[in-house]
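> Quick paste of what Swiss-Prot says about this protein:
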- ALA11, TYR12, SER13, GLY14, GLY15, LEU16, ASP17, THR18, SER19, ALA38, GLY121: ATP binding site (BINDING)
- TYR91, SER96, ASN127, ARG131, SER181, SER190, GLU266, TYR278: L-citrulline binding site (BINDING)
- THR123, ASN127, ASP128: L-aspartate binding site (BINDING)
Amino acid sequence: MKNEVKKVVLAYSGGLDTSIILKWLQDEYNCEVVTFTADIGQGEELEPARKKALSLGIKEENIFIKDLRDEFVKDYVFPMFRANAIYEGEYLLGTSIARPLIAKTQAQIALQTGADAVSHGATGKGNDQVRFELGYLAFNPDLKIIAPWREWDLNSREKLLAYAQKHGIDISKKKGKSPYSMDANLLHISYEGLVLEDPAHAPEEDMWRWSKSPKDAPHESEIIELDFQKGDLVAINGEKLSPAGLLTKLNELGCKHGIGRLDIVENRYVGMKSRGCYETPGGTILLKAHRALESITLDREAAHLKDELMPKYASLIYNGYWFSPERMMLQALIDESQIHANGRVKLELYKGNVMVIGRQSANDSLFNAAYCTFEEDEVYNQKDAAGFIKLNALRFIIAGKNGRKF
């Protein structure tokens, strides 16, 4: 394949690994390289990536830096939160949900520039290789895919550094750079590697980059109100913001109060178990509020069906199937359930906790105090319950009369 590739679009961060990949592609494939850097809210200055690419011989017209923050939240994060998606009961899918957008945009740039190949920096052990490549092939099945970590022999940090030094690639560490393997976007930041590879070893406090420790969070709680329309967040404390602005604001609130830290061992799609630590402050608040709103606006059976389907939906995202027909089918059902998910939720934030203290919907609430009151009412005849119970017990009654014991 090396002689067949003429132009490749590389998912490029400007960091050491992808800079080495850039040079390796030039040397091994002797092809033209286009770099694509996505701004999905990782909180880093992206212009250095442009300068780094230029220093490695990339033409100015072959450098793409795109601000995808609003698209990321509006078209990926919000649809996922309509489903209340959680993988294996805990993980809010912060890395998983970012990969489809990057892959789609990378494939679009390949089409725009006439590139016949794409490349990424995911290793052969992780989930990201699957997520990226399923995304590429969903948009262009004819694209050639170059995954250097599955091809080269630079399989240690020492070999990577030696390669970088040999080719004049800057290997100086940024001041304050974490030794952990990290991935960040507007939804979360993740940490892997080093002491975390021992699941019995507690992470150091200085690992956490975003949030205060709950122990150091303010001693006073904070009350906030979130407004939703059709299941999506539209305002915080009455202030309407862009999708990216809303999630940024929620992150600020969550970090201030020590909300959203997670330490888990998860089952990777490729078959191994992996330990990761995550901070998802805004997403943790959003999930709690959205479920509270659904508690008054969704029909019982619709809510229960959603809960049954959610693990499948979450697994599809985790495993890289965002663009699959089955995910889109589930999304259509989920979105239909959100037509009446309109209203306001009041929350109290305090030392790592998110507590629902109120929920209301002017036109879509199914909560009717007249039916559920403990006081005297005129709308519900309690005698009707006897027949309801007897009908539901009929199979037990028949079995009992036949001598069957439970």
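Please read every residue number as a count from 1 along the shown chain.
Yeah, the Cβs are placed from backbone N, Cα and C, and that goes for glycine too.
Thinking about packing and proximity, how do these listed features fit into the structure?
Packing around GLY15 (ATP binding site) is summarised by its Cβ count: 16 other Cβ atoms lie within 10 angstroms of its Cβ, all protein chains included.
Residues within less than 8 Å, Cβ to Cβ, of SER190 (L-citrulline binding site) and separated from it by at least 6 positions along the same chain comprise GLY94, THR95, MET182, ASP183, ALA184, GLY276, CYS277, TYR278.
Long-range neighbours of ASP128 (L-aspartate binding site) (same chain, six or more residues apart, CB within less than 8 Å of its CB): THR95, ARG99, HIS120, ALA122.
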> I'm trying to understand the geometry here, so how far is the Cα atom of ASP17 (ATP binding site) from the Cα atom of THR123 (L-aspartate binding site), in Å to the nearest whole number?
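That comes out at 11 Å between the alpha carbons.
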> For GLU266 (L-citrulline binding site), identify the closest of the binding-site residues SER13, GLY121, THR123, judging by Cα separation.
THR123
> Out of TYR91, SER96, ARG131, which of these binding-site residues is nearest GLY121 (ATP binding site) by C-alpha distance?
ARG131
> Count the Cβ atoms, other than its own, that fall within 10 Å of the Cβ of ARG131 (L-citrulline binding site), considering every protein chain shown.
27
> Among all the protein chains here, how many other CB atoms are within 10 A of the CB of TYR278 (L-citrulline binding site)?
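TYR278 (L-citrulline binding site): 26 neighbouring Cβ atoms within 10 Å.
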